[in-house]
Amino acid sequence: MKIIINNDFPVAKVGADQITTLVSAKVHSCIYRPRLSIADGAAPRVCLYRAPPGYGKTVALAFEWLRHRTAGRPAVWLSLRASSYSEFDICAEIIEQLETFEMVKFSRVREGVSKPALLRDLASSLWQSTSNNEIETLVCLDNINHDLDLPLLHALMEFMLNTPKNIRFAVAGNTIKGFSQLKLAGAMREYTEKDLAFSAEEAVALAEAESVLGVPEEQIETLVQEVEGWPALVVFLLKRELPAKHISAVVEVDNYFRDEIFEAIPERYRVFLANSSLLDFVTPDQYNYVFKCVNGVSCIKYLSTNYMLLRHVSGEPAQFTLHPVLRNFLREITWTENPAKRSYLLKRAAFWHWRRGEYQYAIRISLRANDCRWAVSMSERIILDLSFRQGEIDALRQWLLELPKQAWHQKPIVLISYAWVLYFSQQGARAEKLIKDLSSQSDKKNKWQEKEWLQLVLAIGKATKDEMLSSEELCNKWISLFGDSNAVGKGAALTCLAFIFASEYRFAELEKVLAQAQAVNKFAKQNFAFGWLYVARFQQALASGKMGWARQIITQARTDSRAQMMESEFTSKMFDALELELHYELRCLDTSEEKLSKILEFISNHGVTDVFFSVCRAVSAWRLGRSDLNGSIEILEWAKAHAVEKNLPRLEVMSQIEIYQRLVCQGITGINNLKTLEDHKIFSGQHSAPLKARLLLVQSLVLSRDRNFHSAAHRALLAIQQARKINAGQLEVRGLLCLAGAQAGAGDLKKAQLNIVYAVEIAKQLQCFQTVLDEVCLIERIIPASCEAFTAVNLDQAIGAFSLPRIVEIGKSAENKADALLTRKQIAVLRLVKEGCSNKQIATNMHVTEDAIKWHMRKIFATLNVVNRTQATIEAERQGII
């Protein structure tokens with residue numbers, strides 16, 4: 001998307017009249033966002049920009065006016081901020097501006113007939129100006145608001161519907177009152193709060209326009225996420241050139257909310273707005289109960305219709321919520337003005353959810369009230385719901401610790417839930433002690449024992465301790481014994497199996513269990529498990545190296561209400577941690593210490609082996625790229641120490657392999673230690689292939705450093721074989737580059753260049769950008785002779801072309817088709833065919849013979865069932881292969 005930074009919009013053709021000066025001032029130092037333009041002639045005739053204050057509605061409108069005038073076409077600008085505007089005033093203003101363009105000439109009307117005073121008469125007059133009906137004219141109406149009378153709004157809508165087709169309208173406001181006719185007629189396109197919010201790219205462009213130099217792009221992207229793109233807030237925070245822990249407490253933001261929103265609405269609605277901020281979401285009945293009133297319906301309707309301050313919760317049309325930053329601002333006002341009622345109101349809100357069976361919200365709000373005593377009488381069903389279906393790990397841990405100790409022994413299910421929480425808090429030893437004690441009890445009458453929740457907790461808990469083989473056996477056994485009578489437990493067990501298969505690169509088995517798990521979890525409303533299914537799918541994408549697919553999975557997870565990304569703090573933090581490696585690979589890592597420290601704190605308390613290693617490896621690699629070798633090794637040593645403390649041997653071995661790789665460049669001899677590492681029992685399990693591949697790569701680098709290039713190439717080939725066996729794309733890319741380095745060191749530049757080209761092509765297809773950059777940097781330091789090979793294939797240009805922090809979204813279906821139909825080399829050939837290269841040019845580019853390219857083309861034609869290059873390109877694009 002092209003973004004134009006505007007300091008002086010090209011309005012030379014417009015003329016230096018008052019309206020031009022007024023409109024030009026509105027866009028000074030703003031950015032032009034083409035995605036908000038109405039330039040498309042096939043678009044509806046009316047464009048409505050509607051959102052709360054500060055979303056750039058007027059700016060978008062002004063840019064449209066200037067764009068229209070710059071093209072030499074007539075444009076009318078009218079601001080309706082004044083509540084005293086009448087239909088006569090509006091009609092007269094439009095006529096006056098149209099007359100300057102000679103669109104209408106009422107002086108030629110016969111004597112005794114005055115200019116139209118009503119909009120419907122003006123519409124008729126415009127139809128009579130047949131000579132001008134081909135000239136596209138834009139009428140911009142700014143500040144459409146609820147203060148305008150409904151008859152006036154209806155007159156405006158009728159005017160828009162009844163004017164000639166060459167007249168188009170752009171409208172900006174904060175109300176939807178009066179627009180029903182336009183919606184019904186299908187004559188209107190809406191740009192809402194979501195559309196008007198800044199994207200990360202737009203915020204970066206704004207920072208450039210404002211010469212903001214102190215905030216890196218990654219931090220700007222994080223800022224946009226935190227304020228959900230609210231343009232006014234982005235501007236205020238960029239000008240400060242530093243983020244704030246509590247954005248609503250920033251003086252400029254506080255003043256803006258107070259002046260433009262809070263003080264701008266009537267008193268009764270201010271009270272409602274402030275009260276609503278105490279609730280996670282608001283419904284009329286809930287509000288009326290909590291605050292003992294009867295005006296919930298009218299207030300919600302007024303604020304959502306006339307100010308756009310309340311928005312629908314996705315998938316829940318009866319629920320409304322506030323923008324999170326605005327909600328924090330309003331909460332501060334509420335607690336400051338009336339602190340004594342805090343606990344009382346929160347308890348009423350918690351009890352409201354409790355009565356409706358919404359225990360997740362009830363527990364969360366009661367924790368904010370610092371009072372959980374009333375919840376001691378929870379039934380077993382409720383506790384199980386919170387533990388297994390909602391996955392409220394943090395809230396449950398806090399709540400359970402506050403319960404009286406006697407309650408623990410009165411209800412065995414409390415101990416089971418606590419064991420569940422301990423497993424997901426990396427305290428497996430304590431959890432197993434609890435389970436052992438409970439297993440020794442022989443009370444067969446307890447419901448918790450009949451449903452075998454204890455055995456399920458043990459089965460899934462083993463996976464959190466990285467005891468995958470034991471966990472898989474116990475989960476399968478539990479499903480066969482109890483799955484038919486316990487859908488919630490079956491969904492949890494199937495989800496655990498999915499995570500195990502993703503961790504062990506068993507992707508064929510993963511596909512089968514995912515389909516079954518999704519069906520069961522949907523039936524059982526297993527929200528916590530849905531989040532973990534996304535984790536399993538994301539792990540598969542990362543393990544395969546398919547970063548475009550991984551990005552798509554994250555996006556889907558964040559918008560899927562079943563995954564509870566917004567409702568569950570635990571699930572949200574889990575995805576933040578997983579996303580770190582993806583962002584590093586795409587070169588858009590948020591390196592703010594605050595963000596990193598939060599993620600590191602989370603994984604130290606809750607991170608299973610795969611998540612823990614993913615985060616530490618990404619942070620270590622990032623530090624190494626900044627020439628911070630000590631910091632790079634430090635976090636890996638921390639991971640290793642954590643692994644020893646928690647008895648996680650796989651994490652210990654992976655961390656040690658990464659440490660050895662960091663030490664290779666320093667000339668430290670470690671080949672003997674690497675050989676002894678192979679004897680570790682972890683290399684005989686299901687995780688052996690990726691572990692062996694990682695170890696072989698480090699061994700190859702060590703041998704190359706010692707100039708034993710033949711053995712180094714052999715180790716690299718073995719690593720490639722291991723990677724291909726499990727479809728680990730990133731490891732294959734690294735293996736090919738290590739092989740090329742060894743070959744270059746041995747003097748075989750032709751083979752080295754061939755493998756470099758192949759590695760780069762795989763990286764392009766996978767979009768694993770940083771892998772290539774990191775590996776090449778390492779190899780060139782260890783094997784100086786390899787620099788010539790990398791230079792010969794113009795690697796800098798190749799990397800520069802695909803290492804930008806923008807990716808092509810690749811759907812899963814396309815990923816699978818590409819893997820199933822064509823080889824990576826064939827896809828590489830097709831890409832070059834699409835660029836117009838001849839067979840000879842492709843052969844030169846890929847460092848192979850022309851006959852080899854012809855052979856690949858015949859295979860491609862046969863696979864895609866086509867007869868020529870053009871058809872092959874079209875069919876491959878249709879199937880999403882290229």
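Placement of Cβ uses the backbone N, Cα and C atoms for every residue, glycine included.
According to Swiss-Prot, the protein has these features:
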- 839-858: DNA-binding region (DNA_BIND)
- A51, P52, P53, G54, Y55, G56, K57, T58: ATP binding site (BINDING)
- 815-880: domain 'HTH luxR-type' (DOMAIN)
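Other than the site residues A51, P52, P53, G54, Y55, G56, K57, T58, same-chain residues with C-beta atoms no more than 8 angstroms from the centre of those residues' C-beta atoms, the ATP site, are Y49, A172, N174, L196, P231, A232. Long-range Cβ neighbours of P52 (ATP binding site) (same chain, at least 6 residues apart, Cβ-Cβ under 8 Å): N174, E193, I261, Y307, M308, L309, H323. Of all Cβ atoms in the protein chains displayed, 23 besides its own lie within 10 Å of the Cβ of A51 (ATP binding site). Broken down with DSSP, the DNA-binding region (839-858) shows 17 helix, 0 strand, 3 coil. Every protein chain considered, the tally of other Cβ atoms within 10 Å of the Cβ of P53 (ATP binding site) stands at 17.
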